[in-house]
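Heads up, the thing below is written out as structure tokens.
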Amino acid sequence: MADKLILDGKIVSNEVKMKLKDRVDKLADIGITPCLATILVGEDPSSETYVKMKGNACEKLGIISKRIHLSADITTDTLLQTISELNEDDGVHGILLQHPVPDHIDERCAFESIAIEKDVDGVTSLGYGQTAFGFGVYPSCTPAAIMQIIDYFDIQVEGKNAVVVGRSPILGKPVSALLLNRNATVTTCHSYTENLELHLSQADIVVAAVGKPNFIQGSWLKEGAVVIDAGYNKGNVGDVDYESCYKKASAITPVPGGVGPVTISMLLKHTVESAERTVKI
Ligand code: NAP
């Protein structure tokens, strides 16, 4: 590994998309166009932006973006009905329900109703369980992106101490499982962890998934650690204090331009794979 490596997610994302383009073309040759259905409930501006970005990324690659926008006052039953129709629709290969939905809707119940073969965003408990067991088809997209970055830059995982800060179902827990399955020794930290700095001081690989801007400090890190910042906070700021961590790290993801762009590429990849599975390419 070079002295100081910037883990540029845009390079990784471009490579993934370039390879996907060929696969989309091959599917087109046999009359199949991959299709991702996105469901947005309500008018949350950030969610609207995220869904738009995902839809646009699909269209750029020749994937159909079926955008469903439901009003904030729908019931859980209406949402379940919408998901059920998409599950039944052979023209839809992936379903993404944008988080969060309004409080009165049972989001977990809605996630669980997504058919496993269309759960390209890795939100069902079955998908999570399969990922943890090591045979998951579509892990959550951000954990998948982190592994994609690790592999692209040839970062050794086996035998290394990996410390994940955060244990959310879409990020901290599944990325811990993926690292464990790759033979890292994994410590998953959370808000009850005592002496976080001690854990981090022993980490060869740090994954920040805390949701707190500039939280992880360079002084907490071991010299030469690989730092992967999955955080994305207001003002384009990660969960890692970039300046101080940059000094200590051997490799670090920037924010923006690190994990974020690769996450969207993973969603596209999973959607294409799902379409391929319908025809056994
Ligand atoms: P989340 O659900 O809020 O989870 C945050 C986790 O951090 C929780 O497990 C929490 O512990 C832990 N935590 C909070 N304070 C802590 C502390 N002082 N010390 C140690 N752990 C602490 O967040 P999330 O959805 O996983 O997202 C995490 C970050 O990733 C956010 O910045 C989010 O914007 C970003 N994100 C990025 C992408 C992307 O595509 N790049 C995708 C998703 C999320 P408890 O469990 O004990 O509460």
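The backbone N, Cα and C atoms fix where each Cβ goes, glycine too.
As written in TrEMBL, here are the features:
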- Gly166, Arg167, Ser168: NADP(+) binding site (BINDING)
- 7-121: domain 'Tetrahydrofolate dehydrogenase/cyclohydrolase catalytic' (DOMAIN)
- 140-277: domain 'Tetrahydrofolate dehydrogenase/cyclohydrolase NAD(P)-binding' (DOMAIN)
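Known features from TrEMBL, placed on the structure.
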{"residue": "Gly166", "record": "NADP(+) binding site", "Cβ within 10 Å": "23"}
{"residue": "Arg167", "record": "NADP(+) binding site", "Cβ within 10 Å": "18"}
{"residue": "Ser168", "record": "NADP(+) binding site", "Cβ within 10 Å": "16"}
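Per DSSP, the secondary structure of the domain 'Tetrahydrofolate dehydrogenase/cyclohydrolase NAD(P)-binding' (140-277) breaks down as 57 helix, 24 strand, 57 coil. The NADP(+) site is set by Gly166, Arg167, Ser168; from the centre of their CB atoms, other residues of the chain with a CB within 8 Å are Val164, Val165, Pro169, Leu171, Gly172, Lys173, Thr188, His190, Ala209, Val210.
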